[in-house]
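Have a look at the structure below, then the notes.
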Amino acid sequence: MPLLWLRGFLLASCWIIVRSSPTPGSEGHSAAPDCPSCALAALPKDVPNSQPEMVEAVKKHILNMLHLKKRPDVTQPVPKAALLNAIRKLHVGKVGENGYVEIEDDIGRRAEMNELMEQTSEIITFAESGTARKTLHFEISKEGSDLSVVERAEVWLFLKVPKANRTRTKVTIRLFQQQKHPQGSLDTGEEAEEVGLKGERSELLLSEKVVDARKSTWHVFPVSSSIQRLLDQGKSSLDVRIACEQCQESGASLVLLGKKKKKEEEGEGKKKGGGEGGAGADEEKEQSHRPFLMLQARQSEDHPHRRRRRGLECDGKVNICCKKQFFVSFKDIGWNDWIIAPSGYHANYCEGECPSHIAGTSGSSLSFHSTVINHYRMRGHSPFANLKSCCVPTKLRPMSMLYYDDGQNIIKKDIQNMIVEECGCS
């Protein structure tokens with residue numbers, strides 16, 4: 001999340017702290033002036049007026065995020081039956097058997113998808129010529145050594161069709177995986193089919209496709225299951241034999257040019273009497289159509305490098321930086337007449353101490369900044385010598401709201417960075 005937004009959130013948090021904290025003269029609860037947000041740890045939980053003032057601060061925050069100066073005046077609410085019917089028709093929420101509305105959290109799902117996409121790597125591996133004719137060898141990059149969950153894997157092949165010969169309109173292309181395997185121990189899976197055994201060597205049908213043989217173009221063959229099996233077995237190479245029995249009849253040919261094959265064909269081109277300039281241009285064009293494997297993969301949920309340090313939950317047993325749960329029910333504060341959904345707001349906040357040894361340990365955008373500042377602060381370098389590390393939000397999630405405006409219109413608004421999910425030391 002942008003650092004600028006976090007600073008703005010910090011200011012809002014400080015306002016809540018000031019409103020909820022006792023006066024500076026109160027004994028035993030003085031706020032630290034050089035770290036205002038740290039004063040949340042000293043918030044007097046037993047003072048009767050502290051809870052209402054926190055709620056008032058939350059109210060103002062919600063109105064501000066909805067760009068409202070005051071709560072809408074709902075003098076003539078829409079009949080319940082009409083409201084529920086409209087919600088069903090517009091697919092903006094689900095209506096439970098008890099009549100309560102449950103808003104569809106599309107923005108939350110999108111945030112989860114975006115987070116997943118950020119953790120996904122895409123690797124393109126160009127083919128090398130295999131040991132046998134019409135075979136290709138793919139060596140998956142070391143970049144993917146920590147990736148164990150395949151999202152998508154495809155082999156791309158270029159079919160070249162001469163303009164003069166277009167007798168056949170369709171051809172079938174098959175991809176076979178070649179591997180050494182003890183007999184009787186093959187795991188064929190859904191995508192592969194065992195088609196032949198020669199001693200300890202086996203061939204599995206990876207993919208098959210009927211393609212148009214009237215024009216030169218790329219064709220894509222899915223091999224996700226096969227690559228997943230390779231990764232599960234701790235392997236990183238794939239040997240593929242390409243078969244196209246009807247290609248010769250149609251005059252079409254698959255470009256299977258790899259580094260080894262290029263060297264082998266250099267001599268053949270000269271023997272055929274082709275000019276070096278023309279042969280070089282043809283080879284360069286062929287290389288632009290070199291087969292490749294496209295892999296999208298991510299680390300598994302239980303991978304040790306993927307486990308990010310999670311923020312602590314305040315449970316009364318810890319005094320270091322943690323997330324404090326604070327739920328405000330819209331029914332309890334009299335706002336359920338204009339807010340249709342959700343039923344309340346998780347106004348979580350951060351509190352606790354930030355000792356020097358944990359500053360900058362959170363997996364947030366603040367971590368690098370915090371670690372550098374802490375490095376200089378511990379060594380007494382100006383201007384960081386007198387700074388204290390503060391407990392601040394490091395991860396926030398969006399919130400969707402369904403509510404009435406002053407004109408009795410139903411509004412659905414997605415509000416970014418509304419709910420504190422994790423806290424860390426800045």
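Each Cβ is built from the backbone N, Cα and C atoms, and glycine gets one as well.
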- prompt: According to Swiss-Prot, which residue among Cys314, Cys350 is joined to Cys322 by a disulfide bond?
  reply: Cys314
Query: Which of these, Cys247, Cys350, Cys354, shares a disulfide with Cys423 in Swiss-Prot?
result: Cys350
- prompt: Given the disulfide-bonded residues Cys314, Cys322, Cys391, Cys423, which one's Cα is the least distant from that of Cys354 (disulfide bond)?
  reply: Cys391
Message: Please give me the CB contact count at 10 A for Cys314 (disulfide bond), counting all chains in the structure.
response: 22
- prompt: Three states by DSSP: which one describes Cys423 (disulfide bond)?
  reply: strand
- line: Should one count Cβ atoms within 10 Å of each candidate's Cβ, the disulfide-bonded residues Cys321, Cys391, Cys423 would be headed by Cys321
